[in-house]
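J.: This structure is in structure tokens; I'll ask about it shortly.
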Amino acid sequence: METRKDDMEKRNDKSEPLLLPENGSDVSEEASWMVYLSTIIAVCGSYEFGTCVGYSAPTQFGIMEELNLSYSQFSVFGSILNMGAVLGAITSGKISDFIGRKGAMRLSSVISAIGWLIIYLAKGDVPLDFGRFLTGYGCGTLSFVVPVFIAEISPRKLRGALATLNQLFIVIGLASMFLIGAVVNWRTLALTGVAPCVVLFFGTWFIPESPRWLEMVGRHSDFEIALQKLRGPQANITREAGEIQEYLASLAHLPKATLMDLIDKKNIRFVIVGVGLMFFQQFVGINGVIFYAQQIFVSAGASPTLGSILYSIEQVVLTALGATLLIDRLGRRPLLMASAVGMLIGCLLIGNSFLLKAHGLALDIIPALAVSGVLVYIGSFSIGMGAIPWVIMSEIFPINLKGTAGGLVTVVNWLSSWLVSFTFNFLMIWSPHGTFYVYGGVCVLAIIFIAKLVPETKGRTLEEIQAMMIFRKSKELWHENVL
């Protein structure tokens, strides 16, 4: 090992890139049952994330009636989740670096559970908002640490599919709130949000910590034990362990990461990719479309509850059958491109339905046009833009920058989510069809951004992906993976 480190230090002194094996034939490509168990435990946090986001829609009138809240008071209750999530995102990177990925998930589950219990017991708007803020903090942290943990434990051939389970369980959590909320009151629904917190908290005691984090903090024996558990007792982990150790050894020569490192010339394009994907994920208008979906279904003569259940099921099915099964076959970029194009079509369909309605034209086809637009839009979002930005975020940043950079892009995501939700009604007052044409224009910009800047990370180890960030001669490798 010392010889390998010395060789690498010599390469660094010459400013030459450490190009990791192209095929990685000596690296274990198999996952033991522990990888799957660890992923299932981790995505309980994703499910919790979905329940937090989906809770307010089916409970609005029940909460307002029982607690005598005004529309403005309930709006505070709904939106304060985002404020808690922003704070959770800001602190998520440092927390997961300090107490580990499992420690961050445990802490988030406790905070979220406390928030749900406060909501359940609330007798007025103040405790209700405080409980909602706590659940927001928990899901803000989970939105960062869950995809990072999954990416760090997964073999490269399975990493995309397993990481996409994060988004799948988010939409399952959303759908469950609509389904359960249709038959129980808002207090009982709050208690159902505690269940995934309990499973996540206790489940993390039965799975290994991220091997990369263990090696980063100097727990070398625990690193090898964890990696062996994740690859299976018969797997040869020598090459994979060596590559991880060499990569982290190279990072040890670098100064501690700061915010200024994010704008360093060797890191900036990956920060641009991470921030850009999170920006476009929200500013294509997903929250606005979901927010207005019930009213669109009403205008089409369909039940809003049935419509909500319909598009929730569509999200689950397409996330499961689309991105989860195809991401490691077709790659990240093709799915992102297809997703952005599909959302553009959906926006145009919805926008045209409003334009026709405003001019009193083709009234018979307006309902079908609007409903099909919503379903095309949400279905397209589910196969790419919903899940893949989180997958790429978990892959592109080196472990010494992962906390700082990952926290930044997660904050951008939550702030963008809040801004889209806040401005949607103002845009609709200005022009209903213009609103969706604006979102369609953002989809066009997203297509250009993906085509020009987003690298393909399919089939590469995390170390191979992140080597593009560290060495001066990474420009050629970047263009090779983008073009």
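Cβ atoms are placed via backbone N, Cα and C, with glycine included.
TrEMBL does not curate its annotations; it predicts them automatically.
Here's the feature list from TrEMBL:
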COMPBIAS  1-16  compositional bias 'Basic and acidic residues'
DOMAIN    38-458  domain 'Major facilitator superfamily (MFS) profile'
REGION    1-24  region 'Disordered'
TRANSMEM  33-57  transmembrane segment
TRANSMEM  69-91  transmembrane segment
TRANSMEM  103-122  transmembrane segment
TRANSMEM  134-153  transmembrane segment
TRANSMEM  165-183  transmembrane segment
TRANSMEM  189-207  transmembrane segment
TRANSMEM  270-293  transmembrane segment
TRANSMEM  305-327  transmembrane segment
TRANSMEM  334-356  transmembrane segment
TRANSMEM  368-393  transmembrane segment
TRANSMEM  405-430  transmembrane segment
TRANSMEM  436-454  transmembrane segment
J.: Six or more residues out from either end of the transmembrane segment (134-153), which same-chain residues have a Cβ under 8 Å from its Cβ atoms?
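T.: Non-local partners: 35, 38-39, 42-43, 45-46, 48-49, 52-53, 55, 80-89, 91-93, 95-96, 101-102, 104-105, 107-109, 111-112, 114-116, 118-119, 159, 162-163, 165-166, 193, 197, 208, 210-213, 230, 390-391, 393-395, 402, 406-407, 410, 413-414, 462.
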J.: So which residues does the transmembrane segment (405-430) touch in its own chain, when a touch means Cβ under 8 Å and the partner is 6 or more beyond its ends?
T.: 79, 82-83, 85-86, 89-94, 140, 143-144, 148, 259, 262, 267, 270-271, 274-275, 277-279, 281-283, 285-288, 291-292, 389, 393-394, 397, 438
J.: Could you check whether the transmembrane segment (33-57) and the transmembrane segment (270-293) come into contact, where contact means at least 3 Cβ pairs under 8 Å with the two residues of each pair 6 or more apart in sequence?
T.: no
J.: Looking only at residues six or more beyond either end of the transmembrane segment (165-183), which have a C-beta under 8 A from one in the stretch?
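T.: Here the qualifying positions are 39, 42-44, 46-55, 57-59, 146-147, 150, 189, 192, 196, 305, 308-309, 312-313, 315-316, 319-320, 323-324, 382, 386-387, 390-391.
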J.: Between the transmembrane segment (270-293) and the transmembrane segment (368-393), are there three or more CB pairs that fall under 8 A, provided the residues in each pair are separated by 6 or more in sequence?
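T.: In this chain the transmembrane segment (368-393) contacts the transmembrane segment (270-293) - 3 or more Cβ pairs sit under 8 Å.
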J.: Residues of the same chain, at least six outside the transmembrane segment (103-122), with any C-beta under 8 angstroms of its C-beta?
T.: 42, 45, 48, 52, 67, 88, 92, 95-96, 128, 130-139, 141-142, 145-146, 149, 187, 190-191, 193-194, 196-198, 200-201, 204
J.: For the transmembrane segment (69-91), what are the same-chain contacts with Cβ under 8 Å, counting residues 6+ beyond its ends?
T.: 52-53, 56, 60, 63, 108, 125, 128-129, 132-144, 407, 410-411, 413-415, 417-418, 421-422
